[in-house]
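As recorded in TrEMBL, the features of this protein are as follows:
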type: DOMAIN; residues: 7-124; note: domain 'MSP'
type: COMPBIAS; residues: 128-137; note: compositional bias 'Basic and acidic residues'
type: REGION; residues: 128-159; note: region 'Disordered'
type: COMPBIAS; residues: 138-147; note: compositional bias 'Low complexity'
type: REGION; residues: 191-215; note: region 'Disordered'
type: TRANSMEM; residues: 227-245; note: transmembrane segment
Amino acid sequence: MARPEQVLVLEPQHELKFRGPFTDVVTATLKLTNPTDRNVCFKVKTTAPRRYCVRPNSGIIDAGNSVNVSVMLQPFDYDPNEKSKHKFMVQSMLAPFDMTDMEGVWKEAKPEELMDSKLRCSFEMPLENDKTHESESNKTVSSSTSVKTEHSVLPKSASASLDDGEVKKIMEECKRLQMEVQRLREENKQIREDDGLRKRKVTSMAAPHSSSMATTAMRDEGLSTRVLALCVLFFVIGVIIGKLAL
C-alpha cells in the first residue's frame, strides 16, 4: 500500500541551501506548516547526523500552526569540486486523539500511516564581488576603528611592552643622572668659591707690595732731592770760596 502524501507544507520544499564561508556554524531554516485540522507529529532525520545539529528535531504541530526548524551545519573544509550527498527527510503522521507518549506512538505507527518528504543539501560560497565588498567594508570599519583608538591604544601598548625589569633600570638610571648633576653643581660651586678666595688673597698681597713700592719710591725721591740740594749747596760754597780766594 502506498504511503499517503505529506500533509505538512515545507519551506523550502526540495533543497536546503547553506551559504559559506564554512569556517563557522552555518544555519539554514526549514519551516513546517500544518494546514490541516488535526495535530501532526513530525521528525527530522539526516544521512549525516554528525555534521548537523537540528533543533527541534521532533515534536507536534498543532492544527493551523507552523514550526521553524533550525538546521546547523558544523564547520568543515569546503571543497568546491565535491558535491554534497547529504539529505534530510521530514517524517510525519497524524497525532492520535488519545496520544500520551509520542515515542510510543512512533514505535507503534504503521507504515501506511507515515508520510515523508526528502530534501537535498547544497553548499554555496559567496561570489567574488560579494567577498570584495565584504572585505572592503571590513577594512573600512577596521580602519575607522583604528583611527579612533590610535591615540588611546598606542600609549597603552607602548607602556605594556616595557616589563618591570626595564622600568626599574630606567628609574635607577634617572636617579644616577640626577646624582651626577648634583655632584657637578657642587664641584662648580666649590671651584667658584676657591677662585674667589684666590682672588681675595692676591688682592690682599698686592696691596702691601704696592704701598711698600710707593714708600720706597717716595724715599728715593726724597733722597735724590737731598742729594741735589747738597750738590747745589756745595757748588754755591765752592763758588763763594773761589771768589774769596781771588
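In case you wondered, yes, glycine gets a Cβ from its N, Cα and C as well.
Note: TrEMBL annotation is automatic and uncurated.
Taken together, the residues of the domain 'MSP' (7-124) have an average pLDDT of 94.
Each residue of the domain 'MSP' (7-124) gets a DSSP state, and the totals for helix, strand and coil are 10 helix, 57 strand, 51 coil.
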